[in-house]
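Per TrEMBL, the features are:
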type	residues	note
DOMAIN	1-84	domain 'Copper amine oxidase N2-terminal'
DOMAIN	102-203	domain 'Copper amine oxidase N3-terminal'
DOMAIN	256-492	domain 'Copper amine oxidase catalytic'
ACT_SITE	328	active site, proton acceptor
MOD_RES	416	2',4',5'-topaquinone
ACT_SITE	416	active site, schiff-base intermediate with substrate
DOMAIN	545-633	domain 'Copper amine oxidase catalytic'
């Protein structure tokens, strides 16, 4: 389908499309193709009432750079698999996307590298002396590279990027050399691009020549970096080093996930079934995982649950650090879904799925093993109880092992790796979770930078930042007409009715009697740290300000962000604030919950070489609340019940279970056993 859409659009002479990866910037190119979901009402008529199947359509993003007034235009293309027509797509705001708001492309990066190499020629001697590396084609194993910062400027229409120069070694994100360069690359002719400013070790310079002259005159405070050790000795590498004090083995495999009697889930194309759960999923190139028609025991819970945006706001002393406000949908967050490693990223027994993206490419690109599905032992019972007889014996023990089905992918957005999970539990709870790992976004250490983070290595500052992740949850609980209520827990202090003069304190609740609960975790997730300030004052970046916002469903509000917001945050085509500022009635309406989760990350030395996942995960739960008559997991045949046949002696036990006596060879051999007594010794 991706190839068919590209072939059709390239064959339309009025579009004048050229290949993406070669040629000039001033041309018309096809940047992105992905599925365009059907409108909700026709989809529900098809799913629930036997109505006609909605036409399968594609969304195509075209960069019109080869015309007098360049712009970005989105098209609906259909019908698939053999398209015959296209029509323009409009944003609710009515905004037209200026060409300066487009995401970066590989071609623009190549031209930017060439511009930087040419502009920094006067600094070759200085860079060799100070860093041992330089920015030229003949640099061999001692090349410099850069990481670019966004937003790209300070006002609409600008495309000026601060570049952080780094030594190009394994983990180069942790090897800044102290030089940052501001390049204006708005013009479609790279010959007109120019370095506007430089920053080195605390000082600003108006040109490379000025910096070079300061070095030659001896007036420059040079931060001479130590020579780079062999690759296996780099502090930024994963190569093992050191040892644990206990001497317990780490050179053998640890615990593994196994499926002793085979898979307990079913995967049919992009449709998953597990216990009471069923639903469809997709991985969209623009923003990532998306669930559709999620049901429990045949009853729809949500029409859609999807990742919308991942934001990271940084502080710092260097110009690049203070400018960094990443909005990862603008960096192709859904398209950088690289291969998952069996046994590390997912268990070896997982089902791995390839995906195809057409994003900044001259055809579909296959990403092998980009998604995995597996059943995960949670390591904690779903529920259990030991009923003591308080005489050293027991009346019964019962427990149900804890498991969940996991749907996982990752996004490697340059330095950071996001691990995206949807977990489905047998008791009707769904969990959306994201772990942050990968390399921290770090800048060159200066004493003034200590206000904005931690010195994590000799010349390296780990910059303070806030992560915010936005999700869309289109809940349809017992139909599309829903209401939103909060439960207030209040403390009351009342007279004790059976003891005059005494008082009793107790909590009281008021709120919904039946429905589904949206719960953000951890409860103190500090998304307000970014949300309260990022939209205030002169800071332009639009950001979700609430843990939870509820709006009415509108077809022209499919997403809370866009791939253009990063490079035009001052006047974005999609402004989430507009979704909630219309003050619409939300009683007995088709509602959408927009969930923001986040955390504050103060980098520390233990983030070297990478940020670890423990303590760096946030998410939310969908949980039934008086929706069922009892825990729906009672339908599971996984519990174990142990009852003594001769209480209180408890020497003869009845063990009730509905699964085979032994799980198999992947765990300790032998059947399940239990004692349950607590006797004096």
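Every residue, even glycine, has its Cβ placed from backbone N, Cα and C.
Residues in the domain 'Copper amine oxidase catalytic' (545-633) partition by DSSP class (helix H, G, I; strand E, B; coil) as 10 helix, 27 strand, 52 coil. The CA atom of residue 416 (2',4',5'-topaquinone) is located 10 Å away from the CA atom of residue 328 (active site, proton acceptor).
Taking H, G and I as helix, E and B as strand and the rest as coil, DSSP gives the domain 'Copper amine oxidase N2-terminal' (1-84) the counts 19 helix, 26 strand, 39 coil.
Within the same chain, residues at least six positions away from residue 328 (active site, proton acceptor) with a Cβ under 8 Å of its Cβ are 309, 310, 311, 312, 411, 413, 416, 418, 566. Counting residues of the domain 'Copper amine oxidase N3-terminal' (102-203) by DSSP class, helix then strand then coil, yields 31 helix, 32 strand, 39 coil.
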